[in-house]
Structure formats: C-alpha cells, structure tokens
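Here is the structure we will look at.
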Amino acid sequence: MRNQPVQAAAPLPGYVDVVLPRRLDRSFTYIVPTELRGQIVIGQSVIVPFGTQDLQGVVIALHHRPPSGAPEAGLKSLRSCGETSLDHVLTPAQVELSRWVAERYAAPWGQCIKLVLPPVEQPRRLQARYLPTAHGLADLSTHSGVGEDEMRLLARLRRRPKGIMERTLLQGDTSSSVTALRALVRKGLVVRSDAAVAPTGTRRGKKLVLTTGLSLPMEEAGEASPPLSAEAQSWLMVIDKQVAADGYSALLLEGERATRHWCLVQAAQATLRRGRRVLVVTGDVENAGRLAGVFAAVGEQAMLLHSGLSVKEREAAWQAARVASATIVIGTRMAVFAPIDRLGLVWVEGEDDTSLKEEQVPRYHARDVAQERARRDRAVLVLASNHPSLESWLAVRQGLMMACVYRNPTQGPKIQVIDLKAYGRDSSAGTVLTPPLCEGIRDALQQRLLVVLFLNRKGFASVLHCGDCGAMPQCDVCSVALTFFRHRSQVRCHFCGRAKPVPDHCPRCRSLKLEPVGSGTERIEEAVRRMFPLARVGRVDGETIRRPADARAVRRLLDAGELDIVIGTQMLFRLALQAKAAFVAVPDADAGLHIPDFRSAERMYHGLVDAADLALPATAGGRLLVQTRLPDHHAILALASGKEELFVAQEQAFRQLLQYPPWTSLIRLDVSGTAEPSVARAAHRWVALLRGQVFSAQGAPISGGHGVPQPAGFAGVAGESRQPLILGPSPAPHAMVRGRYCYQILVKADSSEGGRAAVLRTREELERESRQGALRFEIDVDPVSMT
DNA sequence: AGCACGCCGACT
DNA sequence: GTCGGCGTGCTC
C-alpha cells in the first residue's frame, strides 16, 4: 500500500508459510529473522517452534507481508534452517508431488510432505523420574537450609525409594513445586533420571523385521527368461523407442513372472544407456528383494528401499538415490517418493497388487503416484502384471496406454472344471473333496510329485448361498453379496445399507436350501490329512507365515522334497512356486465371490490365474482342477478357455452397467466413534449434507433416499457431467473396530475431483458442528478394499 | 499428529 | 498415593 523507503530497499521476504509433518490441513506462517532473510527458498527445511515443541517443516511460500489468513499478533519466528546443505531442501518437484498427493487423496498436506522428506529416526521420548539420593535419604535433621516446600517434596520421595514420575510429583500446584524440586536437585538430595520410553503411543504396530537389505541369498533371486523370440524382439523395439522418445509414455506388460523379469532388465538397461535412472515399485518386501536379485544376476547394482529396512538403512538408501549413486532403486510403495532425478523408467511390478494402496492417511495408491511421477518427469511408465487390473485395461482401451502381452500358450497346465452341483448337497468338508479331486491328489502322490491346494479363505464372510445352484442373494442395486445377520434374521447390503428379511428361497432356482457359505470348507485341511494320513502336508497362510524367514523355511522344505501337499491361501503366490506342482486344485473357487465387493470376481480370476501358474505345463503332466458351483461364471470360462479377453470384456461390461470403477470414481467415507447413536447420527448427517451439496450445485435432486428404489446408474444423458451418487450410510461389516463403531458412506462420481470437493466441504462443516470430538471422519479416495 | 492437561479408575 | 488410560483442545 504505502511505499516505505526502508522496505523498498530491502525486498527480501519477511514471512514464510510452513507445512508441518502433522495431520493438519493448514500451513502456518512464521516471521523470518533478519539474519535468515534471503537464505530461504521454497522447499527449504526449517525448524520452527510449534506449541511446546520444535518441529521440522518445509517452506511452501514466501511473503513480504503477513498473508491474510495469519493471526495479526502472535506470529513466531523461524528458529533456524535445517543446515544449508542440499539435504535440507526439497526440490520443487518433490513439494509439488506431495501437494498432488494431498489433493488427489483429500489428505492433509502436512501428512503428505512426510512422504517426500528423508526418513528420520523417531526421537525417543524421555520420561523424567525423581529419586532421593543417599544424602537425601539420610536423617532429616541433618538437612539445614531446606525450605518448607522442599521438605514436603523430600518427605514424599523418601517414602518412595524407586522414585516418582515428574508428572505425578508436580501434579496440581506447579510454580512453587518446580522451584523447590530444582533446589533439591541442586543440593544433591534428589536426582533426576530420564528413562527412555518407547516412542509414544500409536505408532504403526509393525515390529521391525531386521533383514539384511542389500545382500540376498542366491536362492531368492528370481529367474528371468525371455518370452518367445518374436515377442522378445518386439519388446526390445518397443522399449527402445519409448525410452528414446524422451517423453511420458505408458505401457502395460502382461506376462508370466520370469518373462516380466527379463523385460524389466532389458528396459532398465535401455534406460541406463540413455543416462537416465530407474525406479521399480512392487507390493511386498520379498518381491523387492527378488527383483534386486534379478538385477544382481546380470551385474546391475540396485538399491533397496522398503519398510523392512531400519530407519538408518532407509536414510542411506534415500541419500544414495539423491546423490545419484544409485541408478536403480527398487522398493515397496514408499519408494515412489524417492528423490531420483533424471528418472527415465518407472516400473510398477504387480500393478494390480492391493498392497500398493496405503491403508493409512495419506491413502495413496503407488501405481497412480508412479504414473503421475512418470508424467511429471517425462519418463516411461510400465505397469507389469500376470493379470492386469481392469483399471489398466480400460486405460489401454482408451488409448492412454499400449499393451504388450507375452504369453506362451504351451506353458499352462491341463485345466479341468468340476461342477460341484453334481456332487453331494450337504455342506460338509466332504462335499468339496470330490472323487476327481481325491484322484488327482492320489495320482500325484503316487508319482511322488507335489500337490498344491489353493483356498480362498477370504470368502468366509457371513453370506448366504444356495446349496443347489450356488447363487447368492445380491443387492438389487449394487450387485454385491448381501451380508447375513443371523441374530436379526436380516440380510443387508454393505454398500448402500439397504436391509431386508432373510429370503426363504433361492432367487435363481427357488430352492429352499439357502445356507451360510463356506461352512464346510474351513476344515478341508483336516479332511485332507485324514484322507491321506501318510502325506506330509504343509500349510501356507497368514498364520503360519509371519516373517520372510518362515517363507524361506517352507521353500527349503519344498526344495528338499520334504512336502507332498501344500495347502494355502493367497500367501502361496509369494513363495515363487511357479511351475513346481504336478497337481493344483482350487476346491471352492466361488468362495471369493461372496465378499461383498464389486471387485470380488476380478480377485477370483487373478487367484485362478496365479494358481494355474503353480502347475507344471500340460506337456510335463501339470493339471489344474477348479471346483465351482458356477461353472458358467466368466472367470471360470475365461480360465478354462485360456481367453482372458473373455473375462475382461464381460467384467468391464458389468462394471460399466453398474457404474463401478474403473468407469467411475469411488470415495469411501468412514465415520467412527465410541457411541453408536452419535456415530449413526453423524453418518446420516454427512449424507444429508452431501445430498444438499449435490442438490444445490446441480439444481436437481438425486434419487436414492433410504429404502427408495433408485436407478443403478446416473441420472442424465451420457456425455454430460452427471451427479454423484451417495450410497449409505451403512454400518461397517464388522461394526466395531478397536472399540469404535464404524459407519460407511460411498460416493460414486464421474471423476474423483467432483466428489472430492463436495466431500471435503461437507466434512469441514460436519467437524464444525459436531462438538463431540470422539467422532472421526475419514476419507478414502479410490478404496481398494470395501471392508 | 503430538502434546499438555484433567479426570477416572486400578492397583499398590 | 502412584500411575496408566483416555477424552479434549490447540498448535502461526
């Protein structure tokens, strides 16, 4: 406003906005002390006073005068810059990427900035105790010149030779006690001891697994083998061209693991030849190690970066990436944020792996962040998988990505589908142990060959299905399995919350044999052991495999031929058992379909494809037996015919019809708290606010009140921007999670931007008006699991 | 998120 | 009395 000569002469910004690594949406404004003016840049790491503590934050904006949001008085000053070395400056690209994550996933920027900051050791909190010294314990009469307050404190401490915590000691009246206590310490009557206490409270529960990150046993190294020669040629041409193009491009690579490994090595080497660097992201720690082994086998050094490493090791990896001494970085989802410049290739290995999605705030999906990074860095993005996600197939179809499918049709086992409806009708374990299944096991055992049984344990939700035809009661609107509540004798859709009495007959065949699903399958292991008492049976699931070492132990047993039958869940596929079993069986393929999740068919199909890969090629006698009550299901048909496109096309049609991802964007809202009525009230209120938003923004009401039939799709004509649909609220399937009641709301929108804005605005309002802080409102953009 | 502060209740 | 466990409110 006014031109003050003094200011005109010194145009250095005197104020900065700082983002702090906390769950706070706002940034905070600080005064730059004169001696630091001119040294501060955007991305600069600074130490600032925040409440009672000093925190490291990141400068995101510079100002010449206090910005409008800042309080008039009471601005504090920056304490210092984190040293002047480059380590303490984030590049604009890193700051921007964290902001993108914050926006994309409706997460506080403060939480997201942590993703791009170098890992730091969690400072141990100290808990102060005070103990009486020998001198202090001596006869009271010998203490002269000790004040009244000091005497009182000392008397208390003398009764407690093990000492008293500071918090207890200074409870209530403070100032006088503090000085008295200080005096006692000064006089040597009392000592202070700082016992280190584990970092406070609710840190991530995972125990630190100490793995030697950099040296891998050779057995862990995955193999890399080229696809058929024509395809190998094609890959080399494609990847060379893309890398040379020096711009963003995206490829979808489908193939078996060894093929993908070979393609990865080729792509990485092509990238390195051009003087650019490589980032590989994968779902789990073991796989990261395996990929490092693949590179080691061809003489390329790769740097590992994952949560299994200690903070120190992670810090070192981060540093190595920054100074460009690491040309290949391999890691789990956190690695997408590694500071790698001159990035030429971003490879997502197992792009459909659900563990790429972070389940804590910020709930980012590493595949999507990888894509954004590649785009910003003008790098080549490769999404690789044995069974790509429908999201990626849609991108291919829309011309956003080029697909390379390298499959050797002679590699698969002989596939046999068994219709369970033809065998027994009771729900005992015996039902799924059909004669063909038992014969298959017996044959393999006789030839001393390996048997694998893949169980989809995830299917054991409380869901009804028909004992005769296998159909299950579904929500008319959402087409997901209805959850069965025995005590209320109700079924309820966990998507839209609609409830109705338990149907008395099957919706398809009118049979009266509706029963809870999976009741017999649980004991299959027992039944197998009983039937083949001499076989050596191993179990591979979440309970038996807790650490990578457990997986290695099972591997060793297998390699030594000490196991005849392996029974396991999804965990089987982490063992790298490809083409090892003569007989692979899926006793109850439909189990996974009963999860009330629109992706359950996709997961089932992926499981079947992976199971098939465990079997030897048909030419070597490999067999896969799939048992189902739904032999006409598109996942089964596609598997049996080897025509993946059959599955993809039908599943895409289904998703499009019902307006599910990837055709729409979904946002899951979670309301939780300790008192059920207020949680339910808040959840309903959120829905009302959202509907109000949509209403006022679009000028037309949307359908979908409780119990009112609503169209499955959107109102409006295709092409127009349609209104978001709001489903729910419905109590979360396991209504109580860690002592909290949870309700869920789903927002279905054309694009995630539209939904996000409304969700954020309404949450703000909700938080303002709900004075009870016990309530928590969480947002999950693009949720990957519906439970 | 983390921290202080205050209140409750379990265990000496 | 001691101390852990929450709920609440605040952070330039």
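Every residue gets a Cβ built from N, Cα and C, even glycine.
So that you can see what the record holds, here are the features copied from TrEMBL:
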type	residues	note
DOMAIN	A:17-118	domain 'Primosomal protein N' 3' DNA-binding'
BINDING	A:C466, A:C469, A:C506, A:C509	Zn(2+) 1 binding site
DOMAIN	A:475-501	domain 'PriA DNA helicase Cys-rich region (CRR)'
BINDING	A:C475, A:C478, A:C493, A:C496	Zn(2+) 2 binding site
DOMAIN	A:662-783	domain 'Primosomal protein N C-terminal'
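Mapped onto this structure are the features recorded in TrEMBL.
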{"residue": "A:C466", "record": "Zn(2+) 1 binding site", "Cβ neighbours (10 Å)": "23"}
{"residue": "A:C469", "record": "Zn(2+) 1 binding site", "Cβ neighbours (10 Å)": "17"}
{"residue": "A:C475", "record": "Zn(2+) 2 binding site", "Cβ neighbours (10 Å)": "21"}
{"residue": "A:C478", "record": "Zn(2+) 2 binding site", "Cβ neighbours (10 Å)": "22"}
{"residue": "A:C493", "record": "Zn(2+) 2 binding site", "Cβ neighbours (10 Å)": "24"}
{"residue": "A:C496", "record": "Zn(2+) 2 binding site", "Cβ neighbours (10 Å)": "23"}
{"residue": "A:C506", "record": "Zn(2+) 1 binding site", "Cβ neighbours (10 Å)": "21"}
{"residue": "A:C509", "record": "Zn(2+) 1 binding site", "Cβ neighbours (10 Å)": "14"}
A:C475 (Zn(2+) 2 binding site) to A:C509 (Zn(2+) 1 binding site), Cα to Cα, whole Å, comes out at 17
In DSSP terms, the domain 'PriA DNA helicase Cys-rich region (CRR)' (A:475-501) comprises 0 helix, 10 strand, 17 coil
Through the lens of DSSP with three states only, how would you label A:C469 (Zn(2+) 1 binding site)?
coil
Please report the Cα separation of A:C509 (Zn(2+) 1 binding site) and A:C478 (Zn(2+) 2 binding site) in Å, rounded to an integer.
21
For the C-alpha pair, I'd like the distance in angstrom between A:C469 (Zn(2+) 1 binding site) and A:C478 (Zn(2+) 2 binding site), rounded off.
21
Could you give the mean pLDDT over the domain 'Primosomal protein N C-terminal' (A:662-783), rounded to a whole number?
75
Distance check, please: Cα of A:C493 (Zn(2+) 2 binding site) against Cα of A:C506 (Zn(2+) 1 binding site), rounded to an integer number of angstrom.
17
Helix, strand or coil by DSSP: which one applies to A:C509 (Zn(2+) 1 binding site)?
coil
May I ask for the distance between A:C506 (Zn(2+) 1 binding site) and A:C478 (Zn(2+) 2 binding site), taken between their Cα atoms and rounded to an integer number of Å?
18
For the recorded Zn(2+) 1 site formed by A:C466, A:C469, A:C506, A:C509, which further same-chain residues have Cβ atoms within 8 Å of the site's Cβ center?
A:G467, A:D468, A:G470, A:A471, A:P507, A:R508, A:R510, A:S511, A:K513
Compute the C-alpha separation of A:C466 (Zn(2+) 1 binding site) from A:C478 (Zn(2+) 2 binding site), stating it in Å without decimals.
19
Using DSSP, break the domain 'Primosomal protein N' 3' DNA-binding' (A:17-118) down into helix, strand and coil residues and give each count.
27 helix, 30 strand, 45 coil
Can you list the residues of the same chain, besides A:C475, A:C478, A:C493, A:C496, whose Cβ falls within 8 Å of the Zn(2+) 2 site's Cβ centroid?
A:D476, A:V477, A:S479, A:V480, A:L482, A:H494, A:F495, A:G497, A:R498, A:L727
